[in-house]
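Take a look at the structure set out below.
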Amino acid sequence: MSKPWGGIGAWADEAERADEEQAAEATATAADSQSFPSLKEAATAKSSKKKKKMTLSEFTKGAYTAPSSAGLTREQMLQLPTGPRQRSEDEMQPGRLGGGFSSYGGGRSSGPPGRMSRDREDSDGSWGGGGGGRRSYGGFDDDQRGSNSRVSDFPQVSRADEDDDWGKGKKSLPSFDQGRQGSRYGGGGGSFGGGGGGGAGSYGGGGAGAGSGGGGGFSKADEVDNWAAGKAKSSTFGSGFRESGPEPDRWARGVLPSGGGVQEERRRLVFEPRKADTEVSETPTAVKTSKPSPFGAARPREQVLAEKGLDWKKLDSDIEAKKGQTSRPSSAQSSRPSSAQSNRSESSALNNVENVVKPRPKVNPFGDAKPREVLLEEQGKDWRKIDSELEHRRVDRPETEGERMLKEEIEELRKKLEKEAAIAPESKESQQESDSNHQNLPDLIREKEKNLDLLIRELDDKVRFRPRAVERPGSSASRGGSYSERPHSRAGSIDESRSVESMERPRSHGTGDNWPRPVDDRRNFQGSKERGFFNNRNFDRSSSAREGW
């Protein structure tokens, strides 16, 4: 009977067997991860110093290793499709959506087979129109569900590949009225999601399918270049609100015919020409007279002169000639009447013309005022003498001995002339002598007065235009020359350190003393401060020299 825990040493055999299995697994994993070793192995592995040798051609060309491509197995090859998938009858319906969209929008309405036929005579040309059109979005109006679906046109060839020149097969544009018969692109009423076969082209109309099967025939989209001309107004969603039809491009009276008849256009309105323009053109004077003229009854000067038989050009030339001889005409003397005179009547205009011929006298802006010289001459006074006396009064100076003597002589001659005129002549001889003396005295008086005036003018000019020495604050050389009238002080005295800028005081009458007076105390103070250091130094130097001597 075998023991349940096995024989002696069985655990050792199991341990060895487990070690062998682990070693086999380790070798297998090492072989797999040889190209990509782990970080630990890469860190522990030591690269040999001796590198592998290779030729230059092997280095340049490189060793080509073909990509290892694992092919498909037999089972996978058998599972691959060998043809198109077999479709059911529902999927083969014309308007059926494929893929995950097969159940979108509910059922489809029944219609003829074919994919979006080019010929849409019996069906609506817009989306979801009557007669087999596409169902409305989301499956509205589920009561009219049909089996209309798309046609599977996979084996068909595209017409774009058949024709190289697409413009050859393009039809000529139809007339505007033909394209309007019935509904646009073969439809009649209808709206989004609306029912009713043969409904007009609005989005989502229910009814029959959207196109006939097959690929033959031209589309009306190719016949019309301007699609916006027949565009219908977008209607509301759902079947609750419906429209009677598309909005027409031209207005028409009455109800539109539903049987596709030709619409009658409204007649053009023929307007008669406006009568107001003709009346205005025929009677322009009546319109002008309605507004009062700002110039009143005044007329141009040329017309007035022409009525009087005068040549206005000749009058203007005469006036200009007269003005050129006298002086430059002012603005008040212009040949044409001013704007202020234009509102007068014809008589006033003629008077103005006559007045214009005679130049107006110039008005003196000063009135009756006359110059001072003219008035003094009329009064018998000499204005030059008066001016000289006034100028002499402005100069403040004492009277000299020469002036006093000339004045006394003039006074004596005047008294003598008055006495001779007062005493009547007793004899003819005395009368002749008095006449000669009487003629000589006025000449002497005039000569004396002339000499006195010249003397006074010279003395006044000397006082007024006397040169004044301008002393600089730091110049000591000009100081001594400018104060020639000042009494000299002793050499080395303290007065040399004081500099007072002064000018000659005007002498009063009867006194000839000249007293200096300061001009600018502030300037004197600054000058004394500036020169104080140097003057004190010179003073110390002179005092030390005295002590040394």
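Every residue, even glycine, has its Cβ placed from backbone N, Cα and C.
On a predicted model such as this, the values are computed, not experimentally measured, just so you know.
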Seminar exercise, completed: Which range of 2-9, 234-241, 466-473 is motif 'Nuclear localization signal 2' in Swiss-Prot? It is 234-241
Problem set entry | Listed range which Swiss-Prot flags as motif 'Nuclear localization signal 1', given the options 49-56, 169-176, 361-368 | 169-176
Problem set entry | Residue counts (helix, strand, coil, in that order) that DSSP gives for the compositional bias 'Basic and acidic residues' (369-431) | 45 helix, 0 strand, 18 coil
